[in-house]
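Undergrad: OK, TrEMBL features for this one:
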BINDING   91, 101, 129, 218  substrate binding site
BINDING   218, 242, 246  Mg(2+) binding site
BINDING   276, 277, 278, 279, 280, 281, 282, 283, 284, 285, 286, 287, 288  NAD(+) binding site
DOMAIN    3-343  domain 'Isopropylmalate dehydrogenase-like'
SITE      136  site 'Important for catalysis'
SITE      186  site 'Important for catalysis'
Ligand code: NAI
Ligand code: MG
């Protein structure tokens, strides 16, 4: 019997993970759920965004279903105590370096996409984002210069092993799809990106069946809007992947539709919507639960070896969307629970 750590977190996190859990329970998969506080909720309860008990549960569990963290009430806390440190800490402590972020347009969502319908329909890509390095985890500092100016710095760094292992995930992912891999960097300006490009090219020798190309991140952002249909798998660093995946979400209709998996080298993972805690709509029953439900499907596929159940959930979401079910972010009026009901109807 698989143990699922349910870390709901803040804002809309508890609202959307409750619906994902409901979907999993209906499928009667023999999962055991254990909950623990994380983020601002954990800071309130235990004085720390990632309490030792929560980290312990995450380590013990077979998989982690995560909501979102972030609470404006804690924006003035020093960085170590901010809710967002919980998700960064989980990724780092558990070695969850490989972030898979699929983006496709569910039929019927053309009107919700920021793109023209005929262009939007072509989006079907996976962003493979490195998750435990880059400027998020490099040395950070604040100081006052001799001229009396306040200064901040964040070190962007990668070593070759970190690049090589995420590159391999990129190539492996491409192999399961159309075998086209795009590596996104800023090698015209950044040393880290030049290393990145060198190592990706070296790793490509082991994948002669995958077509590799490179693009600067600014061009990639432009191309994503011009014609996302040109992309199959994109492998990139932590910062660029963060930004490009939010952008991809609007091409695919809404940030409320995009799930993600964060995997370690053994396939254990944390599964979460790509969105945050959405304080502007929290507690109002307005959040779209599809990203969380689709994250649960990714959990079944990647960590629990139940790919056919994952397919069923994804098909049920597609059927609900095709049948016209829409939360506010998709231009509709359904509540979080009613949207999940529409998905459940398809199961
Ligand atoms: P956000 O993703 O929470 O919200 C951005 C916009 O999208 C908001 O207008 C929100 O209402 C909307 N939105 C997000 N998810 C939605 C859903 N499921 N259904 C309908 N609308 C949805 O990003 P924002 O506002 O930049 O950040 C809010 C907080 O979340 C911050 O504290 C941030 O640090 C945190 N955050 C946490 C993440 C995580 O836990 N992994 C990821 C991103 C942000
Ligand atoms: Mg983000």
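From the backbone N, Cα and C atoms, a Cβ is placed for every residue, glycine too.
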Undergrad: Which one of the binding-site residues (284, 288) has its C-beta surrounded by the most other C-beta atoms within 10 angstroms?
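TA: The most densely surrounded of these binding-site residues is 288.
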Undergrad: Can you tell me which of 91, 186, 242, 246, 282, 284, our recorded positions, come within under 6 Å of ligand 1 at the Cβ?
TA: none
Undergrad: Please give the average pLDDT for the domain 'Isopropylmalate dehydrogenase-like' (3-343) in this predicted model.
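TA: Averaging the confidence scores along the domain 'Isopropylmalate dehydrogenase-like' (3-343) gives 97.
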Undergrad: Given the binding-site residues 91, 101, 129, find the one whose Cα is closest in space to the Cα of residue 284 (NAD(+) binding site).
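TA: Considering only the listed binding-site residues, the nearest one is 101.
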Undergrad: List the recorded positions 101, 129, 186, 242, 284, 288 whose Cβ sits under 6 Å from any atom of ligand 2, in sequence order.
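TA: The qualifying recorded positions are 242.
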Undergrad: State the Cα to Cα distance, in Å, between residue 246 (Mg(2+) binding site) and residue 288 (NAD(+) binding site), rounded to an integer.
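TA: That separation, Cα to Cα, works out to 15 Å.
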Undergrad: Given the recorded positions 101, 136, 186, state which is nearest to residue 288 (NAD(+) binding site) when distance is taken between Cα atoms.
TA: 101
Undergrad: Spatially, which candidate from the recorded positions 101, 136, 218, 242 is nearest to residue 278 (NAD(+) binding site), comparing Cα atoms?
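TA: For residue 278 (NAD(+) binding site), the spatially nearest of the recorded positions is 242.
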Undergrad: Can you count the other CB atoms that lie within 10 A of the CB of residue 242 (Mg(2+) binding site)?
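TA: I get 19 for this one.
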Undergrad: I need the nearest neighbour of residue 129 (substrate binding site) among the recorded positions 136, 276, 282, using C-alpha distances.
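TA: Sorting the recorded positions by distance from residue 129 (substrate binding site), the top entry is 136.
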Undergrad: So which binding-site residues out of 91, 101, 218, 242, 280, 286 end up within 10 angstroms of residue 186 (site 'Important for catalysis'), measuring C-alpha to C-alpha?
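TA: Neighbours among binding-site residues, in sequence order: 218.
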